[in-house]
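Structure record follows, encoded as structure tokens.
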Amino acid sequence: MEIKSYQNQAELLVKEYLLADSVIPYTSVICGICACKMVYDLTQLFSNVYFKSYPGLSKLQRTEWSNRSISTFHAIFITIMSLYFVFWSNLYSDHEYAGPITFRSSALSTFTLGKLFIFGQISLGYFLSDLAMIIWFYPFLGGMEYVLHHLLSVAGIANPMLTGEGQVYTFMVLISESTTPGINLRWYLDTAGMKRSRAYLINGVVMFVAWLVARILLFMYLFYHIYLHYDQVKQVNSLGQLLISIVPLVLSVMNLMWFGKIIKGLMKTLAKRH
């Protein structure tokens with residue numbers, strides 16, 4: 001009975017305080033930042049035991065190794081949740097609910113923008129943590145384009161999370177995170193000295209296809225969706241309208257630039273194979 005009583009008190013605490021509508025964004029961000037630290041430390045522990053090449057890496061390489069594990073966990077979760085909200089759920093369907101699509105949100109969608117519900121990591125918390133590490137170790141973990149990417153991501157996630165407006169477009173953009181595991185795997189293969197392996201070549205081909213679909217074609221669909229629903233977009237708060245207009249546009253230009261580098265890299269790899 002005593003255990004049951006503690007269980008009921010814990011459930012009440014989570015429901016009434018941690019998951020209260022007004023507290024969800026802040027709860028999820030704090031939990032996510034703490035979870036990023038946990039994943040970072042567990043990666044170091046796991047890598048020391050199971051990867052022979054890990055102890056031989058420099059301090060900065062070990063930092064990036066662990067940082068990329070965080071981004072991989074985040075990318076897998078946020079891709080699944082974003083695909084669910086945009087294409088599988090009825091939350092943003094034009095036929096299921098009345099009212100502007102740009103004003104629709106739910107406790108789960110807001111929580112997802114803040115918290116990685118299954119793995120204990122969050123979208124906004126992840127980008128804040130990763131941005132801090134990029135700035136701290138600048139330019140080792142990424143140049144100015146990565147800083148710009150993360151600043152846009154933080155702004156693009158924070159506003160719809162706090163206001164509940166324009167979340168559909170945030171989730172569309174976050175689907176592009178599906179390319180992150182492939183990018184991180186390529187870095188791991190390169191660092192492990194497997195640049196000439198078959199796995200490295202396959203990774204390059206998969207990255208090319210994934211990038212084309214998730215960061216080029218998807219953004220074309222996003223702009224078309226905004227065009228079809230522009231009368232609803234205009235009803236969003238001023239900052240939301242600005243972010244919907246600017247963030248996808250800037251990210252799409254950056255995606256095209258990176259896509260060019262991916263094509264050059266893939267062609268270079270294929271040339272070496274022959």
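From the backbone N, Cα and C atoms, a Cβ is placed for every residue, glycine too.
What you see is a predicted model, and the numbers here were worked out from it, not measured in a lab.
Under the heading domain 'TLC', TrEMBL lists 60-271. Per-residue pLDDT, averaged across the domain 'TLC' (60-271), gives 82.
The transmembrane segment annotation in TrEMBL covers 69-87 (among others).
Per TrEMBL, transmembrane segment is recorded for 107-128 (among others).
Under the heading transmembrane segment, TrEMBL lists 135-157 (among others).
Residues or ranges marked as transmembrane segment by TrEMBL: 169-189 (among others). Listed by sequence, the residues of this chain that lie at least six past the ends of the transmembrane segment (169-189) yet keep a Cβ under 8 A from its Cβ atoms are 64-65, 68-69, 71-72, 74-76, 78-79, 81-83, 85-86, 102, 109, 113, 123, 156-157, 160-161, 195, 197, 199-200, 203-204, 206-207, 210-211, 214-215, 218-219, 221-222, 225-226, 244, 247-248, 251, 255.
According to TrEMBL, the feature transmembrane segment maps to 201-227 (among others). With a cut-off of 8 Å between Cβ atoms, the residues of this chain six or more beyond the transmembrane segment (201-227) that come close are 168-169, 172-173, 175-176, 178-179, 182-183, 185-186, 189, 233, 244, 248, 251-252, 255-256, 258-259, 262-263, 265-266, 269-270, 273.
What TrEMBL records for 239-259 (among others) is transmembrane segment. Sequence-remote contacts of a segment are chain residues at least 6 beyond its ends whose Cβ falls under 8 Å from one of its Cβ atoms, and for the transmembrane segment (239-259) they are 102, 145, 148-149, 152, 155-156, 159-160, 163, 165-166, 169, 173, 176, 211-212, 215-216, 219, 222-223, 226, 233.
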